[in-house]
Amino acid sequence: QIDPKDYTFSGLKNETVGRLPGKVAGQQFVIQDCENCKIYIFDHSATITIDDCVNCQIFLGPIKGSVFFRDCKDCKCVVACQQFRTRDCRKLEVFLCCATQPIIESSTGMKFGCFQYYYPELALQFKDAGLSIFNNTWSNIHDFTPVSGENNWGLLPETAVVQDYVPLPSSEELKAVRVSTDATKSIIPITRGRRQKNSDESCLVVFFAGDYTTANARKLIDEMTSKGFQLVQTKEVLMKAEDAHRVFQQSALEFIPLLEKGPVVALEFNGDGAVEQCQCTINEIFSGTKVFVSESKASASQDVDNFYNFADMQMGM
């Protein structure tokens, strides 16, 4: 028998509390009426609601459904979820991974950054919650109740460090979770999202489903970012033959047979020389693997638009 008390933090003040990996195991969780608390859910859950919390620092592991913040203020959070919503909130700062467009309503002073976090169990928890590490629309916020002439939300500074917002847990029990907030270790690739691009040259790379798709995508991200290129956005999505014609144009026939194996992972890199560098790196490192990569700077921006327009329609369906 499940005791709701095991899945609730209520009415706490000045406390550090949490749940270790395996302790929530896909149940729903409730956090309410907490003040000056540090709260860590190091597990996956079904849904989480956070009501009437003030000045709390919160980490929420992967949430299969929605996370809903209501009537909260001055909270700092790290959150991974399928759907993100806030209502009547003030001054939330959130490092977010969200598979769908995040929504704020009657909320002000909201700031968003890209989720960056690691502990050994986290990758499996993402899988258990049915979330892809490549589907993260953290910066594409929809404000339900915009006020003319005012901006209710913005982005955290690019230099923002998770630990300055949500510190590592200090209690003995929670220290057992081997957390790293080092950006290079993050389970979620760190993307620029809606930030201004540094260059007018982008390159689209698409990996097809297979045993090493995630590892290959990560390897390319490491190679490209270490050379100063920026990862703008990532996406994991199923494609059909007709989608391939739209996105891959002339080279569609070569890739159509690969689509039946499962979803593709697409990456957009930005920077002067991105296309040439992507091509070189792929030829050097992935010579035995079929990968789509933009042919030229001229065609690349069209590739990016074609793919992400298609993907946004897929995700919206």
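Yeah, the Cβs are placed from backbone N, Cα and C, and that goes for glycine too.
TrEMBL entries are annotated by machine, without manual review.
Feature list (source: TrEMBL):
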BINDING   G65, S66, Q82, Q83, F84, R85  GTP binding site
DOMAIN    1-146  domain 'C-CAP/cofactor C-like'
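When other Cβ atoms within 10 Å of the Cβ of S66 (GTP binding site) are tallied across all protein chains shown, the result is 17. Remark: secondary structure over the domain 'C-CAP/cofactor C-like' (1-146) totals 11 helix, 73 strand, 62 coil, with classes taken from DSSP.
Same-chain neighbours of the GTP site beyond G65, S66, Q82, Q83, F84, R85, judged by a C-beta within 8 angstroms of the site's C-beta center, are, in sequence order, T47, I63, V67, F68, C81, C98, T100. The Cβ of F84 (GTP binding site) has 27 neighbouring Cβ atoms from other residues within 10 Å, across all protein chains displayed. The Cβ of G65 (GTP binding site) lies under 8 Å from the Cβ of A46, T47, C81, Q82, Q83, each of which sits 6+ residues away along the same chain. There are 17 other CB atoms within 10 A of the CB of Q83 (GTP binding site), with all protein chains counted. Among G65, S66, Q82, Q83, F84, R85, the residues given in the record as binding GTP, the maximal Cα to Cα distance rounds to 11 Å. Non-local neighbourhood of R85 (GTP binding site): S66, V67, F68, F69, P102, I103, I104, E105, each in the same chain, at least six residues away, with C-beta under 8 Å from its C-beta.
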